[in-house]
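Feature list (source: Swiss-Prot):
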REGION    1-203  region 'Precorrin-2 dehydrogenase /sirohydrochlorin ferrochelatase'
BINDING   Glu22, Ile23, Pro43, Ser44  NAD(+) binding site
MOD_RES   Ser128  phosphoserine
REGION    216-465  region 'Uroporphyrinogen-III C-methyltransferase'
BINDING   Pro225, Gly301, Gly302, Asp303, Ile306, Thr331, Ala332, Met383, Gly412  S-adenosyl-L-methionine binding site
ACT_SITE  Asp248  active site, proton acceptor
ACT_SITE  Lys270  active site, proton donor
Amino acid sequence: MEYLPLFHNLKGRTVLIVGGGEIALRKARLLSEAGARLRVVAPSIEAQLVELVQAGAGECLDRGYARQDLQGCVLAIAATDDEPLNATVSQHANALGVPVNVVDSPQLCSVIFPAIVDRSPLVVAVSSGGDAPVLARLIRARIETWIPAAYGQLAGLAKQFRAQVKARFANVQQRRVFWEEVFQGPIAEQALAGRTAEAERLLAEKLAGVAPKALGEVYLVGAGPGDPDLLTFRALRLMQQADVVLYDRLVAPAIIDLCRRDADRIYVGKQRADHAVPQEQINQQLVTLAKQGKRVLRLKGGDPFIFGRGGEEIEELAAHGVPFQVVPGITAASGCAAYAGIPLTHRDHAQSVRFVTGHLKDGSCDLPWSELAAPAQTLVFYMGLVGLPVICQQLIAHGRSAETPAALVQQGTTSNQRVFTATLGTLAGRIAQEDVQAPTLLIVGEVVQLREKLAWFEGAQAAGR
């Protein structure tokens with residue numbers, strides 16, 4: 001090991017930065033976050049750097065570096081493009097026993113800056129010893145995805161109770177077991193969900209020896225339109241810890257595969273005129289499973305609150321006192337339009353956008369057609385494949401031009417995506433000649449014409465243009 005990792009308490013202590021440019025500013029920001037008092041020396045200092053230093057009660061010296069600038073400093077940073085000056089700062093600092101870092105010159109450094117993942121008070125540092133800083137940053141980026149931002153709250157909870165736990169358990173082994181149970185159980189889940197008061201209550205009860213009750217919970221998670229890369233970090237974390245998964249027809253198989261492998265999987269999908277499981281039964285099933293102490297993942301395509309009946313499900317949970325979390329997902333309108341190269345709003349074409357259900361009931365759509373036919377707006381119809389001819393006819397009948405551009409997106413954001421473009425007057429006829437597979441999304445408006453120059457996600461699906 002070439003360098004020993006240490007964490008330095010810089011609160012209120014003076015750090016010298018030689019240099020007044022962008023590199024010095026980046027170092028100053030990091031040091032300021034650690035509570036250091038900054039002394040910046042350079043003939044010319046950027047305004048942002050001056051402002052940052054003054055906000056932290058530091059000092060800016062508008063002149064060249066002098067050896068005495070190191071007096072009283074616990075760390076020195078050379079951040080200039082003047083190599084002889086950087087070498088001089090390093091030499092002086094080493095002679096005085098002051099740790100020194102010279103940017104991009106590891107051979108002149110007695111200390112180096114790692115790549116940092118900050119979940120204060122939890123901090124992770126990654127270093128290559130200055131040999132491969134880009135690699136260290138790439139590893140840091142991966143760690144950023146593994147450690148939720150809320151872990152800082154969890155670490156803060158541990159700090160709050162540390163003294164009490166130490167007083168309760170004199171044995172180090174007992175304390176270790178206690179904290180492992182906390183960090184891997186429902187107390188941690190409450191903290192990560194932002195329910196700090198509940199986490200504190202449960203932790204206090206655990207310290208007092210109160211037997212915990214089986215604490216079930218429902219995670220209502222939006223799975224997005226299909227591409228697994230569009231899942232949120234929070235969604236993925238909950239997917240990988242649930243005991244049982246209830247999933248819809250619109251959830252892509254690649255996303256279901258990301259769920260915890262030993263979790264029970266229950267299909268509750270619906271399709272037109274065929275509800276495999278009635279909604280009321282789904283609601284009750286969520287309540288029953290959660291009251292058994294299970295962590296229940298309710299996985300829905302798109303966003304659970306946009307034509308997903310998620311509101312009905314959590315109403316039932318709330319009525320029965322079942323804890324729940326809601327994780328929004330990228331709704332099909334946003335995801336499919338973006339992957340099709342169709343901006344839903346545009347200053348020159350559409351000043352508003354409306355999301356509408358295209359689901360037919362008794363062969364018709366009960367919609368405010370006169371409002372929908374107004375110009376300068378984009379319409380997005382969910383579940384509109386079967387009702388496509390009726391939708392196009394009604395919009396034209398109520399005043400929308402038959403020449404209005406329209407697009408039908410099949411299985412958007414996935415490798416099976418196909419985009420069919422035409423006009424309101426011709427789209428239904430074109431779709432009748434194609435083998436279109438649900439799920440689909442219908443987009444109507446002048447913005448559709450922008451696809452000709454903005455389409456980017458094509459590949460094998462280009463044949464559907």
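Every residue gets a Cβ built from N, Cα and C, even glycine.
Shown on the structure are the features that Swiss-Prot records.
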residue: Glu22; record: NAD(+) binding site; DSSP class: helix
residue: Pro43; record: NAD(+) binding site; DSSP class: coil
residue: Ser128; record: phosphoserine; DSSP class: coil
residue: Pro225; record: S-adenosyl-L-methionine binding site; DSSP class: coil
residue: Asp248; record: active site, proton acceptor; DSSP class: coil
residue: Gly302; record: S-adenosyl-L-methionine binding site; DSSP class: strand
residue: Ala332; record: S-adenosyl-L-methionine binding site; DSSP class: helix
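Taken together, the residues in the region 'Precorrin-2 dehydrogenase /sirohydrochlorin ferrochelatase' (1-203) have a mean pLDDT of 94 on the 0 to 100 scale.
Other than Glu22, Ile23, Pro43, Ser44, the residues of this chain whose Cβ falls within 8 Å of the Cβ centroid of the NAD(+) site are, in sequence order, Gly19, Gly20, Gly21, Ala24, Ala42, Ile45, Glu46, Leu49, Ala79, Thr80. In three-state terms derived from DSSP, Gly412 (S-adenosyl-L-methionine binding site) belongs to neither a helical nor a strand segment and is classed as coil. Here Pro43 (NAD(+) binding site) comes close to Gly20, Asp62, Arg63, Gly64: these same-chain residues lie at least six apart in sequence, with C-beta atoms under 8 angstroms from its C-beta. In space, Gly412 is the closest of the recorded positions Ser44, Ser128, Gly412 to Asp248 (active site, proton acceptor), judged by Cα positions. If you draw a 10 Å sphere around the CB of Ile23 (NAD(+) binding site), it holds 17 other CB atoms from the protein chains shown. When every Cα pair among Pro225, Gly301, Gly302, Asp303, Ile306, Thr331, Ala332, Met383, Gly412 is compared, the largest distance found for this S-adenosyl-L-methionine site is 17 Å.
Cβ neighbour density within 10 Å is lowest for Gly412 among the binding-site residues Pro225, Gly302, Gly412.
Lys270 (active site, proton donor) sits 52 Å from Ser128 (phosphoserine), taking the CA atoms of both as reference points.
Of all the Cβ atoms in the protein chains shown, 11 others lie within 10 Å of the Cβ of Glu22 (NAD(+) binding site). If you measure from the Cα atom of Glu22 (NAD(+) binding site) to that of Ser128 (phosphoserine), you get 23 Å. Ranking the binding-site residues Ile306, Ala332 by the number of CB atoms within 10 A of their own CB puts Ala332 at the top.
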